[in-house]
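K.L.:
The structure's right below; bear with me while I get my questions together.
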């Protein structure tokens, strides 16, 4: 397909056209973004500045925190700024970069969540072999594989979008640039590309979700042999992971595992996987984790003195 376009920018319709609603959303999402940055940075520094960094679970958690910051920063600052702007525009180049960055960091975060589930599965099902299986070199391989997976997922999508002709209109009924809204305004038949996008995003998310669900089923099955106290601790850890998985993957699967079209509900579900889930990640992983809370207290004490 010949790469051609007659427009240099897109007009984002945003979350709402009502000024009072936009002011409320501005305050709310500003608070959400501040929470995401502050909590994830706190987790990142607390793990890196303590012995927890040597443990695989917290090694992966530190990378998850950094990905949360990168992922939500692809969308949230632009959303906050547009809520007070009369005309919400984004250049063609910035739009394509936003699509690439969102899917790149989003896939890395998805794969890190998968690795964390595998880590918990090994810790509970093979406790005596845990440190051998989850060696530091293997942990590095898992992280590098996540980055490679992010490139393999996002690069083909952006290349297909770049080669679409856009001749007008240029209005995107969303608060950020995403695959399906862009396919909707492309002036060519996008059915085949839409199917490829569903396979690349929706099917991948569904397969990973099934793998994650299967790992937790294995964990719950293994917990039958544990003591009551052991089951309680394991269920507390896995429960927080499951909450994150359902919140993130539920909204993602709704957004991408369907015919390539758009719905009014897309904006609401997009808020869950772009802002709400990254905001709850650090809260879930810290408030129910004694080691993490102890590490945070030590960091605060060091900063105070």
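Glycine is no exception: its Cβ is also placed from the backbone N, Cα and C atoms.
Since we're looking at a predicted model, the values are computed, not measured.
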K.L.:
Please identify the range among 100-118, 119-137, 157-175 that TrEMBL labels transmembrane segment.
P.N.:
100-118
K.L.:
State the mean pLDDT for the domain 'G-protein coupled receptors family 1 profile' (39-285).
P.N.:
86
K.L.:
State the residues, same chain only, that lie 6 or more residues beyond the ends of the transmembrane segment (268-287) and have a CB under 8 A from a CB inside it; answer 'none' if no residue qualifies.
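P.N.:
Sequence-remote neighbours of the transmembrane segment (268-287) are 29, 32-33, 35-36, 39-40, 42-43, 61, 64-65, 68, 71-72, 75-76, 102, 106, 174-176, 178, 240, 243-244, 247-248, 250-252, 254-255, 293, 296.
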